[in-house]
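**Student:** This is the structure I want to talk about, given as structure tokens.
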């Protein structure tokens with residue numbers, strides 16, 4: 001229990017240790033601790049942000065999907081309409097074409113009939129003359145009766 | 001047996017002392033010194049006759065060695081400190097640092113770069129010095145006896161010089177920060193105008209000596225109680241270990257093991273109390289309002 005210089009020695013050692021601790025031990029450890037805290041905080045913030053981004057992206061993708069569906073539906077409808085139009089138009093065309101063909105055919109038929117009729121008319125005149133010759137046993141002067149024969153042919 | 005027992009105890013409680021003996025001093029072996037001599041004390045009486053100008057080499061040596069060990073380990077961790085995944089040593093050091101930092105932050109709200117490292121040093125150093133108490137009481141003294149050293153007290157905190165040295169350093173810091181934060185006038189005012197104050201100027205002056213007496217005693221009591229609390233606990237603990245060591249060797253474990261286990265709590269607690277009180281005193285020194 002002697003009080004002596006040991007006390008002073010201890011105080012000096014204490015002072016040196018505290019200064020050493022303050023200069024070389026405490027700051028690096030605290031710096032590491034704070035840096036790690038910051039890292040963790042940053043990491044958490046980043047993960048929060050990523051989660052939010054993911055949510056946004058999901059929402060966006062859903063929206064785009066919806067829009068695309070709508071667009072596709074519109075396109076299909078349009079295409080259907082267009083197809084119907086085309087079918088309608090081609091039907092129309094076909095009908096018109098058919099009509100035209102029919103008309104053409106009719107005109108041709110008419111023409112041919114007229115031709116045939118004309119030919120027949122000429123034939124009939126001859127046949128009639130021949131018939132009349134037979135009946136009359138005389139020749140008929142074609143040129144004399146031509147007028148009358150033509151009248152007859154015209155009546156046919 | 002009684003004589004040898006008390007000798008044994010006294011021998012264990014004697015520090016290895018190096019100091020100055022005056023001229024004409026008769027030493028324990030009967031020789032008389034011609035001149036004043038610096039030497040190792042051979043008996044307890046010689047040690048106390050050396051007076052103030054003596055050093056307890058064992059206390060100081062162990063204290064410095066343990067403090068250096070603490071700083072070496074922590075410096076090692078501090079050098080390798082990384083903000084990435086910490087290793088085992090760094091984990092341990094970080095736990096200690098965060099624990100001390102937390103304790104400081106809870107109590108001390110000002111800005112001071114000294115208090116936290118100071119508290120860490122106090123806690124770890126006092127803990128290590130206390131820890132020496134758990135080394136079996138005869139182990140190291142016997143070893144040093146073989147090396148020719150008569151006395152060896154291995155627990156620095158059972159030396160009141162060591163605890164006083166630390167608590168007086170803390171006391172110096174208390175005075176320093178009181179003066180720095182409050183100024184000389186503020187500090188003197190704190191010592192003289194509280195706890196009794198009056199609006200009447202005459203009464204105020206009359207109360208100054210009373211206040212100064214009260215505040216002065218409470219101020220002086222801080223380092224004394226700080227030192228004696230730690231010293232008393234460890235000294236008592238050491239003494240009980242020594243008493244247990246007097247038992248026959250086959251019976252010692254029955255008492256020394258429970259006491260050692262209980263002492264684990266005591267040494268940690270005393271280190272913590274020393275640290276906490278230092279923080280409290282220093283934060284009081286920083287607070288302006290009384």
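Including glycine, each Cβ sits where the backbone N, Cα and C put it.
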**Student:** Per TrEMBL, which of B:60-78, B:79-97, B:193-211 is transmembrane segment?
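**Tutor:** Among B:60-78, B:79-97, B:193-211, the range TrEMBL annotates as transmembrane segment is B:60-78.
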**Student:** Quick one: which of B:19-42, B:259-282 does TrEMBL have down as transmembrane segment?
**Tutor:** B:259-282
**Student:** Hey, which bits of the same chain come close to the transmembrane segment (B:60-78), Cβ under 8 Å, at least six residues off its ends?
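**Tutor:** Non-local partners: 89-90, 92-94, 96, 120-121, 124-125, 128-129, 132, 154-156, 162.
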